[in-house]
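Some notes on the structure that comes next.
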Amino acid sequence: MKRIAVLTSGGDAPGMNAAVRAVVRKAISEGMEVCGINRGYAGMVEGDIFPLDAKGVSNILSRGGTFLQSARYPEFAKLEGQLKGIEQLKKHGIEGVVVIGGDGSYHGAMRLTEHGFPAVGLPGTIDNDIVGTDYTIGFDTAVNTATDALDKIRDTSFSHGRTFVVEVMGRNAGDIALWSGIAAGADQIIIPEEPYDIKEVVANVKNGYLSKSKNHHLIVLAEGVMHGEEFAAQMKEAGDNSDLRVTNLGHILRGGAPTPRDRVIASWMGAHAVELLREGKGGLAIGIQNEELVEHPILGSAEDGALFSLTEQGEIVVNNPHKARLDFAALNRDLSN
C-alpha cells in the first residue's frame, strides 16, 4: 500500500489531531504517502483531499478540535454517496483510509472495506460510548474539563447556599457525568444507565441540608437522561424548595488542549492503524482494553468479537452495547452518604 488517507468524522474530540499526526508520521516512516480529507465523508465525496507531510502536522499535537475539520454526512449511508466517495479515492490514488470518529464513522469505514477499500476505525468521541474499547479519544480531556467546571460551580454553590443541577454531554452514555461527578465529589449523579426516583432525589437534597448541615448540593446530570431545566422542573414539582440553579456545560467539553493521556492513546492507536493498513487489513476498529491495544472486526457476529451485526433486513445493530460502569455509580453513592 503506497498511499493512504485520514479523516475525522462526527463530533470533534480533543486528541483527534494527535491521532492524525501519528498516522502521518508513522506512514512516512513506512515509506507511504498520506492525504488528509477535510470535513469527513462530506469532503471525501466532494474531493476535498490534499497531501499531508510531517511539516503539515507539526505543532498540532497539543491543539484541541480537529484541524481536518469534521462534519456529519448521513448521505454516506446510501450507496450513491459511497460510490462517489470511492471515485474520489481512486482519483487521488488512495488505497486505504484511517477513520477517526464514533459509531456512524465506523459504519462508513465498514462500507468502504466492503467496496474494496481497506479502512481502519479509531474511537474518537468524548462520550466514551464506543463498544470494543475502555476509553475513546477525547474522553479523558472531557472529564478533566467537566471536573474543573464542577469544582468552580461548587465554590459558588457553597458561597450562596444553593443547589446546582449541572448538565453534561455524553449523548446516551453517562460516563462523563459519572467520572467527573465522582472526581468533583458530587452529591448525586444521574445517568441513563441507572433509573432514578425524582422524589428520592429531592429527599436527598433535603436530607443533605438538614442532617449533614450542608449549605449546598451538587447534582451532575447526563444529557442522555433529559435536559437540566426539565430535570429542575421535575424537582420543583416533587417538592424541592431549595435555591435551585441549572448550568449546562455544553460544547466546552469538546474543546481545549487534550490531556497527556488522550495524546498518548491517540498516538498509539494512530500508529497501529497504519501498521494494519500496511498489512492490507481493513474493516477493523482499534481500541484499548486493560491498557492494551486490541482490534475488533467492525462488522460480523458477536461471537467473533465484531462491534456490529446485520439483521436479516439489513439493519445495523450494536453487539454488546456500551454501558457506564455501574460499580462506579455505587461508589459515588457510598461516598456521598
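The backbone N, Cα and C atoms fix where each Cβ goes, glycine too.
Of the residues proposed, R162, R263, the one Swiss-Prot records at the same substrate site as T125, I126, D127, M169, G170, R171, E223, R245, H251, I252, L253, R254 is R162. Within G11, G15, G174, the residue that Swiss-Prot lists together with R72, Y73, G102, D103, G104, S105 for binding ATP is G11. Swiss-Prot lists R21, A22, V23, V24, R25, G185, A186, D187, K214, N215, H216 as binding ADP, and of R3, R154, R261 the one it places in that same site is R154.
The shortest Cα-Cα distance from G11 (ATP binding site) to any of the binding-site residues (R25, G185, R245) is found for R25. For the binding-site residues shown (G11, G102, G185), fewest C-beta neighbours within 10 angstroms: G185. Within 10 Å of the C-beta of T125 (substrate binding site) we count 26 further C-beta atoms, all protein chains included. Under the three-state DSSP scheme, S105 (ATP binding site) falls in the helix class.
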